[in-house]
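Everything on this sheet refers to the single structure shown next.
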Amino acid sequence: MNTLSQADINTLISYRHALHAHPELSLEEVWTAGFIRDRLEALGIPVHEKIGGNGLVGVIEGSAPGPAVALRADMDALAISETTGLSYASKNPGKMHACGHDGHVAILIGAATLLARTRNFAGTVHLVFQPAEERFGGARLMIEDGLLERFPFERILGLHNWPDMPAGEVLLHEGPVMAGTSEFDITFRADGAHAAMPHLSGDPLLAGGHFLTGLQQAVARAVDPYEAAVATVGSFHGGHAQNIIPQSADLKGTLRAFRMETLTLLRERTRAVAAAAASIASCTVDLAFDDPICPPVANTPLERDLMRAAVRQAGLAAYRGDPRPTMAGDDFGFFLLHRPGAYAWIGNGPAVLDGRLHQPAYDFNDAIIAPGATLLARTALGALAGRT
Ligand SMILES: [Zn+2]
Ligand SMILES: [Zn+2]
């Protein structure tokens with residue numbers, strides 16, 4: 001396989017900085033999609049746009065017919081005000097590439113550069129640029145919009161930059177990589193009353209308090225201790241004065257686990273705890289889950305080995321540290337409901353600006369664009385050739 005020249009790398013870095021300066025939120029990636037389309041077309045790659053919103057697919061045909069493989073990058077940003085002070089910092093107030101998806105796009109354009117230059121392979125590589133990873137399940141939106149029928153690939157591969165690992169080192173988990181997620185919204189309601197006359201109304205704040213603690217007992221008592229699970233209430237709003245029992249309290253939270261069965265169980269327990277909390281505090285309750293559950297990301301063995309082989313062939317270092325997965329989620333799991341695949345983590349190195357994922361000082365490391373691009377391109381070639 002050919003390699004990226006220093007001029008190629010400089011170009012990809014300039015793309016990354018342009019993307020970083022123009023972050024767009026989930027479902028709003030219009031500028032980003034246009035930027036990607038123009039770069040792919042300049043490489044001679046036909047592009048199919050508006051798949052599942054702002055998603056796009058570039059198709060690289062090899063020099064002979066053969067199987068098909070997909071490489072995926074996400075492209076959306078977060079509602080965070082950037083504090084890096086970088087020359088290419090966000091120009092869009094309140095929006096920021098704080099998860100490194102700007103880097104993922106640059107990496108996939110880099111892989112496209114390598115693959116399109118020679119086309120010295122049999123088969124097809126589909127470049128899947130996915131919108132709305134951070135919110136709204138863009139992977140699912142692309143699938144519902146016919147991704148798998150229009151671009152029939154046998155397996156899908158992707159990666160995420162990871163700040164707790166040395167720069168350029170690659171981790172391929174044995175199985176689970178990232179958790180499945182299920183978000184919920186709850187409102188407890190009652191008539192409201194004078195704070196000194198609690199017998200005249202139910203108490204939504206009391207219900208919320210019982211729910212908050214009861215939910216933790218669901219994790220501790222309903223889930224097998226050998227299963228990882230998390231339930232977090234991230235928002236609890238209700239009331240505005242010392243002397244009034246309010247008419248409502250709103251809570252929002254998330255459930256995380258590595259197996260769909262565990263998430264389903266936690267949903268059942270969340271319903272039961274919410275009903276019990278409402279009953280204790282004489283309230284009514286409305287509980288809504290964001291549907292569907294975002295499935296866990298777990299590597300399938302063959303695809304994991306394909307990526308591990310590519311790590312060796314590319315001369316990259318395999319991460320030797322703690323290989324535990326994360327309870328953070330990624331909607332790559334929707335692709336894995338339909339196709340086998342693998343999701344690598346590539347080390348972003350020590351935080352230059354003391355930033356972590358989803359934090360206002362985070363920055364993707366430009367030094368991992370070339371290794372990331374080489375990894376994806378080599379994995380695609382290995383998949384098409386059936387090498388592990
Ligand atoms: Zn993220
Ligand atoms: Zn991310």
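The backbone N, Cα and C atoms fix where each Cβ goes, and this holds for glycine too.
Here's what TrEMBL has on this protein:
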BINDING   Cys99, His101, Glu134, His160, His358  Mn(2+) binding site
DOMAIN    181-276  domain 'Peptidase M20 dimerisation'
Query = Can you list which of these binding-site residues (Cys99, His101, Glu134, His160) have a Cβ closer than 6 Å to ligand 1?
reply = Cys99, Glu134
Inquiry  = Which binding-site residues from the set Cys99, Glu134, His358 have a C-beta atom lying less than 6 Å away from ligand 2?
reply    = Cys99
Ask   = Where's the emptiest Cβ shell within 10 Å among the binding-site residues His160, His358?
value = His358
Task = Rank the binding-site residues Cys99, His101, Glu134 by the number of other Cβ atoms within 10 Å of each Cβ, and give the residue at the low end.
result = Glu134
Request  = Determine, from DSSP, whether His160 (Mn(2+) binding site) sits in helix, strand or coil.
outcome  = strand
Query = Which residues, in sequence order, are found in the same chain with Cβ within 8 Å of the centroid defined by the Cβ atoms of Cys99, His101, Glu134, His160, His358 at the Mn(2+) site, excluding those residues themselves?
reply = Asp74, Asp76, Leu78, His97, Ala98, Gly100, Glu133, Leu357
Inquiry  = Can you break down the domain 'Peptidase M20 dimerisation' (181-276) into helix, strand and coil residue counts using DSSP?
reply    = 39 helix, 33 strand, 24 coil
Key: In three-state DSSP terms, the structure that His101 (Mn(2+) binding site) belongs to   = helix
